[in-house]
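Feature annotations, courtesy of Swiss-Prot:
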BINDING   Asn51, Gly52, Gly53, Glu64, Asn93, Asp94, Ser119, Thr120, Ser121, Ser124, Gln174  substrate binding site
BINDING   His60, Glu64, Gln174, His182  Zn(2+) binding site
DOMAIN    36-198  domain 'SIS'
Amino acid sequence: MDSHERVAQLFHDSIRAKQDALDRIAPDIVRAGRAMARALGADRKILICGNGGSAADAQHFSSELLNRFEMERPGLPAIALTTDSSTLTSVANDYHYDEVFGRQIRALGHEGDILLAISTSGGSGNIVAAQQAAAERGMITVALSGRDGGTLAETLSAEDIEIRVPSETTARIQEVHLLVIHCLCDLIDRTLFGGPGG
């Protein structure tokens, strides 16, 4: 397989991953979008966390809400818990890396807020701890996961929402996660500010 064929294969794999996910996760995306819009409409906020590429996704989602997505509208309250290196390193140093998001959630989260927890495996200790901290604060968790959902899926309550990408490949899961994030932004905007499908 030459380089062009490899690139074409990766495109086809990504398209297939999205097609395979559509029917399985579309209802969960709609449910999550409605929950987020309801929370934001009630002057609540969304806290977001993830590791590595999922940390970048957390910041991407936060920026789309704080600034704008595809329509002009006021900024919406969203905080990526992945951006403050002083806080992350002090918590990791003084306590444990598993607590880097949980301690922030206990300080910033309130009942009615939403946690968007992003993990391709669902097995990251700090993401599981974040979900547990959110539950303690009376928050709903929306979990973006993949594979079998991992420990994160096992800790979710009936009020929480899991959007699990049916793939075993990290890159494909991440690609679907990005599309899910854009779907959530679109649903939030249309629910709160109108437009087709709102």
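Cβ coordinates come from backbone N, Cα and C, glycine included.
It should be emphasised that the depicted structure is a prediction, and the values quoted were computed from it without experimental measurement.
Averaged over the domain 'SIS' (36-198), the predicted model has a pLDDT of 97. Every protein chain considered, the tally of other Cβ atoms within 10 Å of the Cβ of Glu64 (Zn(2+) binding site) stands at 20. If you compare every pair of Cα atoms in Asn51, Gly52, Gly53, Glu64, Asn93, Asp94, Ser119, Thr120, Ser121, Ser124, Gln174, the residues listed for substrate, the longest distance is 32 angstrom.
The binding-site residues Asn51, Asn93, Ser119, Ser121, Gln174 differ in how many other CB atoms lie within 10 Å of their CB, and the one with the most is Ser119. Comparing the Cα of Ser119 (substrate binding site) with the Cα of every entry in His60, Glu64, His182, these being the binding-site residues, the smallest distance points to His60.
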